[in-house]
Amino acid sequence: MLSHEVKQSDALLNLRSYVGRFAPSPTGPLHFGSLLTAVASYCDAKANYGQWFVRIEDTDIPRIYPNSEAHILSCIDAFQFEPDAEIIFQKDRFEIYEQALEQLKQFDAIYACQCTRKMLGSNHIYAGTCRDLNLEFADQAIRLKVTDQQICFEDRLQGRQCSDLQHELGDFVLKRRDGIISYQLAVVIDDYLQGITHVVRGADLLDNTARQIWLGSLLGYPSLSYMHLPLAMNDQGQKLSKQNLAQALDIAQAPKLLQQAILALGQPAVELNQPRIMLQQAVQQWDVNLIPKGEYLTGTYL
Ligand SMILES: [Zn+2]
């Protein structure tokens, strides 16, 4: 009897320890693809009695698009998502990322790279040119060393994923020469510091996951659960993105757009109502097994 009770409370503890997040970059206004990620990460967290946080990934200051941060915040409000903590902004956290770089430096896990874009050419796997040059860190790009090993993880939707660190990815940049902290570094540190346990995001970020697992393991961080969602496409068969000018979410159409997102995720329809009520119903009905498999959605969306 006793062992059975212990098991039950363990199960409850696991359920209660879900912490998820939605982490958009303000490099353009939110579009329908962003809404899919917001809805899926929210419903999955809430259906597992978890917490859900919002984090604005605005380290890449030159690429920040005017007013897109305000648009993200107004969408969170209009779609009536209720984050369980104050929204954090990565641009306020540079000291934290610098501390992690210092830690990695002590592990001899990083080095300065003086290669220019021209020297690197079109080869996106870095050849390790500066690895053993012991260059000063100031005013150079900072790269993380990888070793000759495979990183594998079980994606909840996409199945088992493996990447060869050295031959497929190469030593990668954590800080650019212009001082910008890379997405890879900021995301790993903030997922850890916010106590994130489950990552739900678009399949366009699948390729980055092995790098992030590697970096997290070097820093001694616990591993995360991953689910990469299929991407919404436009009517030209391109994935919706800020680069191909996907239409900004129209907050005046929030209930309609929310319903479309829920349906695109393969979930049963909800009754049209205030977004908060629609989200509650979507959480009650949430079934991960209904999400379309693969990296792309077949229908076309806004
Ligand atoms: Zn170099």
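The backbone N, Cα and C atoms fix where each Cβ goes, and this holds for glycine too.
Unlike curated records, TrEMBL annotations are generated automatically.
According to TrEMBL, the feature L-glutamate binding site maps to Arg21, Phe22, Ala23, Pro24, Ser25, Glu57, Tyr183, Arg201. Residues or ranges marked as domain 'Glutamyl/glutaminyl-tRNA synthetase class Ib catalytic' in TrEMBL: 21-252. For 24-34, the entry in TrEMBL reads motif ''HIGH' region'. Residues annotated as Zn(2+) binding site in TrEMBL: Cys113, Cys115, Tyr126, Cys130. Here TrEMBL flags 239-243 as motif ''KMSKS' region'. Annotation source TrEMBL lists ATP binding site at Lys242.
Compute the center of the Cβ atoms of Cys113, Cys115, Tyr126, Cys130, which mark the site for Zn(2+); besides them, the chain residues with Cβ within 8 Å of that center are Gln114, Met119, Leu120, Ala127, Gly128, Thr129, Arg131, Ala141, Arg143, Asp171. Close to ligand 1, meaning a Cβ under 6 Å from one of its atoms, are these of the binding-site residues Cys113, Cys115, Tyr126, Cys130, Tyr183: Cys113, Cys115, Cys130. For Cys115 (Zn(2+) binding site), the same-chain residues that are 6 or more apart in sequence and have a Cβ closer than 8 Å to its Cβ are Tyr126, Thr129, Cys130, Ala141. In the motif ''HIGH' region' (24-34), the DSSP tally of helix, strand and coil residues is 3 helix, 0 strand, 8 coil. Of the listed binding-site residues Ala23, Cys113, Cys130, the Cβ environment within 10 Å is emptiest of other Cβ atoms at Cys130. A sphere of 10 angstroms centred on the C-beta of Pro24 (L-glutamate binding site) encloses 23 other C-beta atoms. Within 10 Å of the C-beta atom of Arg201 (L-glutamate binding site) sit 22 other C-beta atoms, taking all shown protein chains into account.
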